[in-house]
Amino acid sequence: MSRLALTLALVALFLSTAAHAAPARSGQILVEFSSTADWESTVSTLSQLYAQEANLPDLRSRLQRMDVGSTFRAVALPDPGPQMRAKIMQAAKSNVRNVEPEIKWKLYATQNGAVPGLDRIDARQGLDGRFTFPDSAGEGADVYVIDSGCDVNHPELQGRATLVRDLTGEGQQDLNGHGTHVSATAAGARFGIARKANVLCIKVFDRTGSSSQIAVLQAMQLVSQTVQQRRRPSVLNMSLGGPKAPGDETTTQRAIQALTGQGIAVVVAAGNEAQDACNVSPAFVPEAITVGATDPRTDTIASFSNFGSCTDIFGPGVNIESARANSQASAVLSGTSMASPHVAGVMAVLMGQGMSREQATQQLLSSATPGIVRGDLRGSPNRFLFIGGADAGNGNGNGNGLAPPAPVQPEEPPAAGDGGEVIGAPGEGEGELVGEPIEGTGDELVSEPIEGTGEELEAEFGDEFSGIPDEGEELPPQFIGLVAGGEQEGEEKGQVGTAVEV
């Protein structure tokens, strides 16, 4: 397979005019087999076609096979051009699902000055100079990193990191440094979140940032196989990507679907082109968790970050300090490449606690801090990563189990007509809904009824709520928080929360 020179995504180089340029091609095609295809007969058909039409009689020695999970099978073949692609579909149409040209992919980082990102994700607002990490810290979970490899001997990763395979032919060292930085952000001993998780690296980028879509698909195959062998909760981080063009996306999407079908959480960078993430692969894939970047000092969307409806959540991505490869020192990088492993680390913590991929994803998104990302989000959901609910302790391993976000408890809830309006009331004995909407908002939220009342509550964004649900019950979805040390009245527990946008 030819190697394709790809460089780090320098922010200043990716202007909107370049972002929509035609994807760079590699000279190979990806042929995806249908689920019912017979392997031998399909390869024989392709071999005959290449011998007759492309003067390539030794196709079997050139093809590269990729199997991801139980639903994705494909081969990489030389690309003789669009006419040959059409002939492949015609000759093997019952056995071939898709034929698409391979595209170049790149890493998403650039060098910069220093501010750590962990401090920002354990609080609802601002920086306090410390990171309260979760007690479980990803113990029992595996974090896979498809990247430039990782320095398994770095103090941040030593004893927990393994290089599964080098697919570059360059050797086992991370000579680029991107993969080591990403791995330690997700699971490093000091810079990471899932500090007790295992890290399994697959090297697809060489020292220059050179790789290919085929190499990444082969790495996905290795992830699938290794997860089947190890049988642990697993998260895959891919801080990489390339442009998506019509017809190019289906192979990558189905490979990711095969991984998520195995229960693997896939977290990807949104991209650094300051464009719609739906134009980027694999950021567009719905089954992946796509992460945009913010500056943790200001909570502003990074100038380079991609955006839009394909972005699921934001994380710190400007001036992120983490491990430097082949050194005991640290390095500072910026990019959505840095935001993505923050999310991967949180997913490893949640799945290490026993949550499924679906449950962990729901917890990740529902506990995210809403409405704090500043700047022009251009259709992006305003959600910022928060780990305070994931069995947070004080950094010394004394967390107190899963907890919802901290509530805002008023000294005395306002009465109707006193700065607010009663716009809903639960059943008798369940309290009442009162509050003062945030100025300038008129959005109404409708909650699920509290169990046993059969009534719905309505609240405007920002309204405060106090009530007495049955012990053990949580507040409706639009309200957050259990009062720490709440009042006990028989079998009832007082609760209070604030309406949040969902």
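Using N, Cα and C of the backbone, Cβ positions are placed for all residues, glycine too.
Quick caveat, the model's predicted, so the values are computed rather than measured.
TrEMBL tags one of the stretches 154-175, 374-395, 396-417, 462-483 as region 'Disordered', and that stretch is 396-417. A distance of 9 Å separates the Cα atom of Ser337 (active site, charge relay system) from that of His178 (active site, charge relay system). In the three-state DSSP reading, Asp147 (active site, charge relay system) counts as strand. Separating the Cα atoms of His178 (active site, charge relay system) and Asp147 (active site, charge relay system) is a whole-number distance of 7 Å. A sphere of 10 angstroms centred on the C-beta of Asp147 (active site, charge relay system) encloses 30 other C-beta atoms. DSSP gives Ser337 (active site, charge relay system) a helix state.
In this structure, His178 is the one among the active-site residues His178, Ser337 with the smallest number of other Cβ atoms inside 10 Å of its Cβ. The average per-residue pLDDT of the prediction over the domain 'Peptidase S8/S53' (139-370) is 92, rounded to a whole number.
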